[in-house]
Amino acid sequence: MTMASVLVLLSLVLCCFPDTAFGVEVDCSKYPNTTNEDGKEVLLCPKILNPICGSDGVTYSNDCLLCAYNIEYGANVSKDHDGECKEAVPIDCSKYANATNEEGKEVPLCTKILSPVCGTDGVTYSNECLLCAHNIEQGTSVGKKYDGECKKEFATVDCSDYPKPVCSLEYMPLCGSDSKTYNNKCDFCNAVVESNGTLTLGHFGKC
């Protein structure tokens with residue numbers, strides 16, 4: 001099997017908005033592996049579509065591709081449940097009273113009541129109203145993953161070998177601290193170097 005074929009197999013990761021973060025371990029030892037040109041272990045995953053939802057809220061095409069993602073990014077994602085991840089929880093921002101800020105823009109009048117929610121950007125908001133306010137002020141469309149604080153990713157991305165002049169087309173998305181989705185590690189690390197290290201990992205998967 002060529003290296004290109006391996007990259008294609010590893011790129012069959014489908015994404016959706018994150019959900020919950022507890023799951024069961026997947027037995028990755030049953031999948032064959034090989035070594036790529038950089039001397040790194042990669043898994044040879046089948047193209048079988050049997051989607052699972054990872055504990056990071058990302059939908060993987062099958063168990064093997066979740067394992068491949070863990071190896072590639074040094075993550076420890078487990079399986080939350082079989083099937084695709086659920087969509088973000090809808091929120092009704094119209095129920096909050098509005099006021100006009102200094103810029104003449106209408107923004108919700110939010111209380112200081114602490115009732116944290118986790119946004120689809122991986123950021124914890126003190127309450128649902130403040131998530132709505134963030135969307136209006138920043139022009140974003142962040143949804144609510146679930147009630148409660150976001151469960152943090154402890155994995156990091158090693159960008160010491162970057163930048164690189166050309167990145168592959170493999171799709172293993174990462175969400176940067178700038179709320180931008182990067183197609184793969186190479187795209188993300190090139191951006192990290194360009195930002196002089198100010199860009200960090202928000203979470204694995206699409207923003």
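Keep in mind that glycine also has a Cβ here, set from the backbone N, Cα and C atoms.
Features as listed in Swiss-Prot:
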- C28-C67: disulfide bond (DISULFID)
- C45-C64: disulfide bond (DISULFID)
- C53-C85: disulfide bond (DISULFID)
- C93-C132: disulfide bond (DISULFID)
- C110-C129: disulfide bond (DISULFID)
- C118-C150: disulfide bond (DISULFID)
- C159-C189: disulfide bond (DISULFID)
- C167-C186: disulfide bond (DISULFID)
- C175-C207: disulfide bond (DISULFID)
- 24-87: domain 'Kazal-like 1' (DOMAIN)
- N33: N-linked glycosylation site (CARBOHYD)
- N76: N-linked glycosylation site (CARBOHYD)
- N98: N-linked glycosylation site (CARBOHYD)
- N196: N-linked glycosylation site (CARBOHYD)
- 1-23: signal peptide (SIGNAL)
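Taking the features listed in Swiss-Prot, we show where each one sits on the structure.
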residue : record                      : DSSP class
N33     : N-linked glycosylation site : strand
C45     : disulfide bond              : coil
C53     : disulfide bond              : strand
C64     : disulfide bond              : helix
C85     : disulfide bond              : coil
C132    : disulfide bond              : helix
C159    : disulfide bond              : coil
C167    : disulfide bond              : coil
C189    : disulfide bond              : helix
C207    : disulfide bond              : coil
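Rounded to a whole value, the Cα-Cα separation of C85 (disulfide bond) and C207 (disulfide bond) is 14 Å. Between the CA atoms of C110 (disulfide bond) and N98 (N-linked glycosylation site) there is a gap of 9 Å.
DSSP assigns N76 (N-linked glycosylation site) to coil, not to a helix or a strand.
Close to C45 (disulfide bond), meaning Cα to Cα within 10 A, are none of the disulfide-bonded residues out of C28, C132, C159, C207. Summed and averaged per residue, pLDDT over the domain 'Kazal-like 1' (24-87) gives 84. Neighbours of C186 (disulfide bond) among the disulfide-bonded residues C53, C67, C150, C175, C207, defined as a Cα within 10 Å of its Cα, are absent: none qualifies.
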